[in-house]
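> So TrEMBL has the following annotated:
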DOMAIN    111-295  domain 'Bicarbonate transporter-like transmembrane'
DOMAIN    307-499  domain 'Bicarbonate transporter-like transmembrane'
SIGNAL    1-17  signal peptide
TRANSMEM  142-161  transmembrane segment
TRANSMEM  182-204  transmembrane segment
TRANSMEM  224-249  transmembrane segment
TRANSMEM  256-274  transmembrane segment
TRANSMEM  317-335  transmembrane segment
TRANSMEM  355-372  transmembrane segment
TRANSMEM  409-428  transmembrane segment
TRANSMEM  449-472  transmembrane segment
């Protein structure tokens, strides 16, 4: 054994020997295992005061330490009693009279127990959520989350219009994120979640549209019934405490899910870059001259050489896109790392770190606009009107009509199949994202409400179906970024991590 480690162990043993409380444990131990168990028990009942300056002087008071120890012993006793009740609840009763023979009352499992528990836990914090929004850091988080949520909504909206033949497009996506975000911010038990369109939901919407086209049924009408089924399934799941299935979700599952969502965003960016290189190949001047000259000629020369096909390809567009993409990423990453560095003041570097993505996008866009006034780059297709993307293709007004032809009577029943698949997707994304936010190291003080939030998610899905809007769910990347932007770190214990209900509501509005 190294000398340094041996000296540390001897010093630790000497400290234990001086404690009269530990002497009773040491003298009562019969062997090595009992002594180790006594050390663990003693450490569990100890209050560790961190070195350095402590924020609250009350922590150094003996009364506060006694209160903490008493509270800890009471919690352990309650947990032990609860464990005994659970074991007794599942012990088979061989008496022919059942539970009445023992004369002891048995626990009853009522419906919606979890939802009622979530509402009772969150209601006392509702007013404090509003007061917390007056903090300056919450104001900066509003601006940060607006830009973090706006760009993906535009992107997914454009893809949605492409996959659904403009039945659902950019305007519908923005409206859905706005409506669901405000509802979630006002009534959810975990307002840190950001409602947004996600890649898996987008892929499922496209698959459902292809499915409806193959069967010859109206897409938005089938979505109306699917939304109703989603709401019903959510209510039934919460009634039987279906969210308890999350006990089988481990830390490993959460990390895989977070990595999968990040991989989807990275894959979408790389796919866009590859498509840009395919549409605008890196060729010499002669290639692009022949392409554009061939497109401008009305009469093809009577030569045997086949003319090149007309194309909108532009030289250097792919290289410029790659340079802009890599520069924006590196700049945003550097500004994010500045938040944890020792440069500048603490408040300034935190502000720069929170707005690192926004600063990098704005700075690169300004540089491109200054040095390249009219570049051939792909831009976001943002409509200039507040109306549905294509009223003629939509075929419905503000509300989607659930009426179907008499020969399509089976469509509402068939809508149960996609509804079940969508519910599984919404359940996994919403509940696992809440688990990621509820990790112990994040220090959330107001808890979550996975049962009530699942009902609210089902209600939002049905509302979007009625209005003909895309389904929204919890976006893991934006939600974790939202939590990080509202986190307050302290170098001395204890830490404080407040969060506010008004942040998602304000950014959605």
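Every residue, even glycine, has its Cβ placed from backbone N, Cα and C.
TrEMBL labels come from automatic prediction, so no person has curated them.
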> Tell me, please, if the transmembrane segment (355-372) and the transmembrane segment (449-472) are in contact, taking contact as 3+ Cβ pairs under 8 Å between residues separated by 6 or more positions?
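Result for the transmembrane segment (355-372) with the transmembrane segment (449-472) is no.
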> Are there residues at least six beyond either end of the transmembrane segment (449-472) with Cβ under 8 Å to its Cβ atoms? List them, or say none.
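The answer is 112, 114-115, 117-119, 121-122, 156-157, 160, 167-168, 172-173, 175-177, 179-181, 183-184, 187-190, 193, 195-197, 201-202, 205, 220, 223-228, 230-235, 237-238, 241-243, 246, 388, 394, 396, 398-400, 422-423, 426-427, 430-431, 434.
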> Hey, which bits of the same chain come close to the transmembrane segment (256-274), Cβ under 8 Å, at least six residues off its ends?
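Sequence-distant neighbours of the transmembrane segment (256-274): 155, 198-200, 318, 321-322, 325, 378, 428, 432, 436, 475-477, 480.
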> In the same chain, which residue numbers or ranges, 6 or more beyond the ends of the transmembrane segment (409-428), come under 8 angstroms Cβ to Cβ?
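Distant contacts of the transmembrane segment (409-428): 200-201, 204, 208, 211, 215, 217, 221-223, 225-230, 233-234, 237, 257, 454, 457-458, 461, 471, 473.
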